[in-house]
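In what follows, a single structure is set out as structure tokens and then discussed.
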Amino acid sequence: MTDVVRLESLYKTYDGGVTALDGVTASFPAGSFTAVMGPSGSGKSTLLQCAAGLDRPTGGRVFIDGTELTATKDTAMTKFRRTRVSFVFQDYNLLPSLTVEQNVVLPLRLAGRRADRHRVRETLDRLGLGDRLGELPERLSGGQRQRVAIARALVADPAVIFADEPTGALDLRSAREVLALLRSLQRTIIMVTHDPVAASYADSVLFLADGRLAGSLRAPTADAVAERLAHLGDRVGVAA
Amino acid sequence: MIAVALRNLRHRPGGFVATFLSALLGAALIMAFASLIDTASGADAASNESLVTTASVGGGWCLVIVAFAVTSTLTLAVRQREQQITLLRSVGATGPQVRRMIVGEALAVALLAAAVAVPVGWLLGRVLVNLLHNTGQVASTVDPAFGPIALGAGFGVTLLGSLVAAFATARRTGNQGRQRQRPLLRRIGAGLFLLIGANCAVLTATLMDGKGIDAMQTAGQAGIWASIGLALLAPELLRLVTAVLGPVVRLFGAPGGLALRGPRLSSAVMPVLLFTGIATGTVYMQGIEDRAAAGQVEPDYAQDIQTLNYVVVGMITVFVAIMLVNTLIAATTHRRREFAQHRLAGATRGQVTAMVALEGVLITVTGVLGGLVASLFTVLPFGSARADRLWPDASPAAFALVAAIAVVLTASALIQTTRRTLHGPATAAVRA
């Protein structure tokens, strides 16, 4: 089995009757970089949260790295995520009181795992942050902060990295650098974005509309993605 | 903006509970003591003197505490709403407009609190006069009165105190961006208060030696000034304790390491330190006095003073409890986002709670030790003046009780608010 993440008919209904996910089935092969796209309210953030074990779907099953996510208690879900999943967020979510290096090893320390100092340094070096180890996040630029977040995701050596609008707060150049970096990692990455340019860095794009899959695109270009997005409304259900 | 201020009060009264409570208590106590002066106006000379003395001693205490409590609760009530204020600014509110809103809110709360305090103050005033009747210090023919001085002092002090506190708070919110702490000014203030405390301590041990119970005046003050001085040094003291206890805290694994590196909650050390310092000092001072006076002929007001001392300790306990709980709730709620980030990085709720609990240990240890040092400013010189021995011949049980109260207050407030802050999914909290 080479699918690192598999979703089987996921449903998510919020209190008050809003249906965010309406039967989504999808799988993400090992080493693939997938962008999930859709207009606001299409359920892409909910999909990411359910797939990553941050939230419980109302119905359906989630498999990560061959194991089904069955935990329902917060602590158990946290422990499940720790060993399998890492995150990169739009607003970085670095802890302001910790240095770059401390932020990077935080998930390992929380999991009670030993941080391989050498490996941490090497990773940060590779991301061009080798000379900022002792710096606090507030002294870094947005692009640098996002690279720290990526280093943090990498050091835990997860089965899959989830990225939620990772370039949403970055200027064009930093955004391009971060995206190129994500692509060069050769890891399983699932990225939610609304930016066609960002999506064009992925191996494939999955479109969502009204909580359902609305097609996919292999080897996407920014223009093709934008075109598809523009007509998503009138082509719901049509496969690529 | 006044309209916005009033709408805020109606919309979210919970945010102002602490400010209201401390203003209410303060106003009631000040009214009670000030009513003694109302009472004194129609009394004989001896009663008059006794009433005015009690009023000025008790009232003085109240002033200090009210100023401290109202300022701290108000500052936090405003700081908690940074988001709302940023929003107001972004829709076009000018700095002065925001300031007017904050001052308006504070005045409305103070006015309401003072009004509610009137019956409470009236009742407390009667209790005080009754007390003085019982000890024979005030002739039983003197009837308790509640007049213009009580009302004037109560409303005046509460409104003025809130106004000053609001202006200070508003100015800090006005200049957006980083709130620069001014450590130099704070340290100079701390040094000044400690010097005054030391001066009072020396006076007690020298000038007041052999003056019996009168030495309490300077001895009591020495402890208060020292407590305030040390409370101002809370950030430094907390850093010191953190450095010393670091190796122990680190034994608790990841939460321990995080507790040492997290934002330091020195604002929570202040109330713990003030409480421990003033309560310990006063209780042991009274203990020394009781032992020294045994078998001696004591002035007839000795018993008054004993009662007053315990009343003061009780008052301070209530005030400090409000301040402490308020500070901790505000500081913890403010960290909702930080907690959520920890959880997204893989911390369980238990780990976050453990981190906060360890921070609480550091706060309590700093506050209790600092308070113990401050209380020595009262206890040692008074012991030397009254009983000719520096170290009191008393059991540490009273101090243990004071420390236990500090621990229970800190722990319950911290754990409760952390639990509440951790409620719900981390993804929602991180966006909030």
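Every residue, even glycine, has its Cβ placed from backbone N, Cα and C.
Remember, it's a predicted structure, so these values are computed and weren't measured experimentally.
Marked as domain 'ABC3 transporter permease C-terminal' by TrEMBL: B:62-171 (among others).
When averaged over the domain 'ABC3 transporter permease C-terminal' (B:311-422), pLDDT in the model lands at 86. If you look up TrEMBL, you'll see B:311-422 (among others) marked as domain 'ABC3 transporter permease C-terminal'.
TrEMBL lists B:58-78 (among others) with the feature transmembrane segment.
If you look up TrEMBL, you'll see B:106-125 (among others) marked as transmembrane segment.
Distant neighbours of the transmembrane segment (B:145-168): 19, 23, 26-28, 30-32, 34-35, 37-39, 41-42, 59, 63, 66-67, 70-71, 74-75, 99, 102-103, 105-107, 109-111, 113-114, 117-118, 121-122, 125; these residues of the same chain sit at least 6 beyond its ends, with a Cβ under 8 Å from one of its Cβ atoms. Residues or ranges marked as transmembrane segment in TrEMBL: B:145-168 (among others).
Beyond its flanks by at least six residues, the transmembrane segment (B:188-208) meets 214-215, 217-219, 221-230, 232-233, 374, 377-378, 380-382, 384-385 of its own chain at Cβ-Cβ distances under 8 Å. Per TrEMBL, transmembrane segment is recorded for B:188-208 (among others).
Residues of the same chain lying 6 or more positions beyond the ends of the transmembrane segment (B:228-253) and with a Cβ under 8 Å from any Cβ of it are 64, 183, 186-187, 189-197, 259-260, 264-267, 269-270, 273-274, 277, 354, 358, 361-363, 365-367, 369-371, 373-374. The annotation transmembrane segment is assigned in TrEMBL to B:228-253 (among others).
Residues annotated as transmembrane segment in TrEMBL: B:265-288 (among others).
The annotation transmembrane segment is assigned in TrEMBL to B:308-331 (among others).
Residues annotated as transmembrane segment in TrEMBL: B:352-377 (among others).
Annotation source TrEMBL lists transmembrane segment at B:397-415 (among others).
Sequence-remote contacts of a segment are chain residues at least 6 beyond its ends whose Cβ falls under 8 Å from one of its Cβ atoms, and for the transmembrane segment (B:58-78) they are 15-16, 18-19, 21-23, 25-27, 29-30, 32-34, 85, 102, 106, 110, 128, 153, 157-158, 161-162, 164-166, 168-170, 172-173, 224, 228, 267, 270-271, 274, 308, 311-312, 315-316, 319, 322-323, 326-327, 330-331. Across the domain 'ABC3 transporter permease C-terminal' (B:62-171), DSSP classifies residues as 91 helix, 0 strand, 19 coil.
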